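Here is what TrEMBL records for this protein:
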- 6-164: domain 'CSC1/OSCA1-like N-terminal transmembrane' (DOMAIN)
- 6-27: transmembrane segment (TRANSMEM)
- 98-115: transmembrane segment (TRANSMEM)
- 143-162: transmembrane segment (TRANSMEM)
- 185-344: domain 'CSC1/OSCA1-like cytosolic' (DOMAIN)
- 230-293: coiled coil (COILED)
- 356-623: domain 'CSC1/OSCA1-like 7TM region' (DOMAIN)
- 357-381: transmembrane segment (TRANSMEM)
- 401-427: transmembrane segment (TRANSMEM)
- 448-468: transmembrane segment (TRANSMEM)
- 496-520: transmembrane segment (TRANSMEM)
- 541-560: transmembrane segment (TRANSMEM)
- 566-583: transmembrane segment (TRANSMEM)
- 604-624: transmembrane segment (TRANSMEM)
- 630-650: transmembrane segment (TRANSMEM)
Amino acid sequence: MNPQSLLASASINIGLALVVLSLFSVFKKQPSNAPVYYARRLAKRHHIPFDPPLTLRRFLPSVSWIPRAFRVTEDEIVQSSGLDALIIIRLFKFGIKFFLPCTLIGLVILLPVNYNGQDGPPVDYLSMDSLAISNIRKGSDRLWVHFTCLWLMSFYGLYLLYKEYKEILGKRIHQLQIIRHRPDQFTVLVRGIPLCTGHKARGCSVDHFFSKHHPYSYHSYQMMFNGSYLEDLLDQAKSTARKIEDLRKRSSVEKHNREFLLLCTNGEDSAKITLLEEKLQELSHRIHQLQCEDMLQDKELPVAFVIFKSRWGAALAAQSQQHSHPLLWTTEVAPEPRDVSWKNLAIPNRVLPLYKIGVILAATLLTIFFAVPVTAVQGIARFEKLKKWFPPAMAVQLIPGLSSIVTGYLPSVILNGFIYVIPFAMLGMAKLAGYVSKSKEELKACDMVFYFLVGNVFFLSLVSGSLLDEIGESVTHPKNFPSHLARAVSAQGDFFITYILTDGLSGFSLEILQPGLLLWDLIKSLTYRRGKEKKPYLYSLPYFRVIPVVSLAMLIGMVYALVAPLLLPFLICYFCLGYVVYINQIADVYEVTYETCGKYWPYIHHYILVAIILMQVTMIGLFGLKSKPAASICTVPLLLFSLLFNGMLLKMMNLIRRATSWDFVPRLQKIRIVRHFYGP
């Protein structure tokens with residue numbers, strides 16, 4: 001990619017971001033758009049101040065929402081939205097903290113070293129390779145500068161990881177102290193309950209089992225029932241009641257409007273209301289019949305919520321094996337009521353592995369399918385090589401400036417368009433895997449999306465781009481393949497710069513504008529919901545979409561921090577804009593549907609550690625390709641130290657993942673754990 005293509009991509013993305021953010025600042029001031037931009041506040045019945053109508057300030061773009069985002073404290077986020085929402089903000093702050101010093105090192109030290117890497121001005125000074133590590137000649141002692149910067153960045157990243165983990169662990173313990181009186185803290189979810197042979201029911205089996213094995217802590221139980229048919233009847237009853245209410249409102253309007261009153265229409269409405277009321281009574285009668293004890297016993301599931309007298313008793317029952325048979329009496333900590341995935345409770349334990357295998361196969365097929373658009377995107381990005389293999393592509397050069405837009409902006413837009421649907425597809429697969437809580441579904445989706453993006457967007461883009469770039473020269477000069485590959489790896493930094501620009505500037509600005517919801521709200525206002533009161537568009541915070549995509553950007557930045565330092569300033573803009581946007585979205589738009597008290601951070605910690613390891617492995621390979629084996633050998637201890645660092649934190653990670661039981665741990669054991677990690 002030439003500088004003109006990169007400049008075209010930057011100009012388009014910056015211009016689009018400024019336009020979209022200006023539109024957002026204007027649209028947010030209009031009361032008609034409050035259900036989109038203040039959904040969370042409207043749901044909580046908070047007062048929203050608007051400027052008086054027909055004032056100029058109401059239609060002028062402003063940036064007042066940006067300083068407000070920087071004034072929000074972490075304690076305010078935790079109190080209003082919980083620790084999980086703060087985790088996303090801390091992820092953006094981590095990116096700013098890490099890449100700000102790295103950007104200074106890259107611009108002040110690495111860029112001059114790379115530019116003068118041939119012991120003189122580069123011949124092709126317009127090429128982006130002149131600012132990358134590929135411009136340094138083989139065996140040059142300048143590579144030791146990169147070696148030193150690698151150690152500095154690695155140690156700084158590991159220090160930030162430890163510091164973040166320590167702070168979030170403290171916040172998690174504090175949150176668990178606050179919610180220690182919540183009912184779900186005393187409850188255990190039990191699955192695989194056998195049928196009582198004497199009473200032909202599972203309820204008495206639960207009571208007998210826990211009364212025998214947990215006599216001092218067991219309190220009571222609540223069996224689960226298959227309510228799919230009951231749920232359908234309730235939906236029908238709600239729909240019928242809504243129709244009756246709408247007809248009554250219409251009749252009352254007609255009675256008050258004497259000019260348009262038609263007796264025949266009023267009579268028809270009365271007849272419809274009578275029929276609907278009879279249908280509603282019939283539905284209510286059927287619902288009451290299904291709720292009787294005899295009918296419920298036939299719908300009984302081998303699942304129950306068991307309540308204990310103490311949190312210690314609940315933790316002991318949840319974390320111990322209750323029966324020698326692995327599929328009977330399986331216990332786990334019960335999720336909070338709003339976090340329960342009720343439909344998945346009906347899935348038997350014995351078929352859960354089949355569900356998970358099916359999800360793995362579906363994710364594999366999606367990964368294979370996604371290889372096609374990624375390869376096509378790299379073909380567009382490598383336009384100069386593509387012309388040799390597909391001559392009709394030369395027609396793009398007939399229009400001045402079009403080739404720069406096609407090679408610089410179009411590939412990243414296409415790739416981001418395909419990526420947008422991936423998190424939702426992975427979440428749908430995670431829902432089919434049979435997890436009992438929404439938080440576990442989203443945690444699983446986070447993992448699936450992250451590794452999908454790493455495999456397809458990062459590695460496949462790297463491999464396909466290198467193949468398209470080097471396939472011709474590698475056939476004619478096979479001995480020079482390592483050097484060509486090293487140049488191709490560093491050259492892919494140009495593509496990832498455009499990817500970060502598009503995903504950050506365009507992606508975050510469109511996230512805050514919510515164009516899809518605006519268009520849908522406009523269509524509803526002009527059609528079937530015309531004249532009716534608007535309801536807020538309240539959706540949960542999409543952890544499964546934000547965390548993996550931002551983690552991928554962090555991985556790209558770490559891997560290319562030493563290879564192509566020009567990428568680093570764009571990453572600073574990426575994380576700053578993301579921080580401001582999601583502060584606004586958390587405060588005004590998204591709803592908190594559940595709270596895991598920070599269980600997302602161990603996953604983020606793992607993703608960042610993978611990025612650091614990939615950075616070190618990449619540099620080991622590049623030092624070898626640059627004929628500097630001593631630097632490669634000296635980097636191996638750094639890699640081993642990073643892995644050892646991860647091993648030392650595994651216990652802390654397990655502690656946070658199982659931290660529901662932290663407050664159940666005796667005080668003496670707590671002191672030992674704290675001393676083990678933080679010293680006496």
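Backbone N, Cα and C define each Cβ position, glycine as well.
Any TrEMBL annotation is an automated prediction that lacks curation.
Between the transmembrane segment (566-583) and the transmembrane segment (604-624) there are fewer than 3 Cβ pairs closer than 8 Å, counting only pairs 6 or more residues apart in sequence, which means the two stretches are not in contact. Long-range contacts of the transmembrane segment (604-624) within the same chain: residues 87, 91, 94, 133, 143, 146-147, 150, 153-154, 157-158, 161, 164-165, 450, 454, 486, 489-490, 547-548, 551, 554-555, 557-559, 561-563, 631-632, 635-636, 638-639, 642-643, 646, 649, 653, each at least 6 residues beyond the stretch ends and with a Cβ under 8 Å from a Cβ of the stretch. Counting Cβ pairs under 8 Å to the transmembrane segment (6-27), the top-ranked stretch among 98-115, 143-162, 496-520, 541-560, 630-650 is 496-520. Long-range contacts of the transmembrane segment (98-115) within its own chain (CB-CB distance under 8 A, at least 6 residues past either end) are made by residues 122, 130-133, 135-136, 142, 145-146, 149, 152-153, 156-157, 160, 554, 557-558, 561-562, 565-566, 568-569, 571-572, 575.
Listed by sequence, the residues of this chain that lie at least six past the ends of the transmembrane segment (143-162) yet keep a Cβ under 8 A from its Cβ atoms are 94, 97-98, 101-102, 105, 109-110, 113, 133, 136, 558, 561-562, 605, 608-609, 612, 615-616, 619, 623, 626, 628, 631, 634-635, 638, 642, 645, 649.
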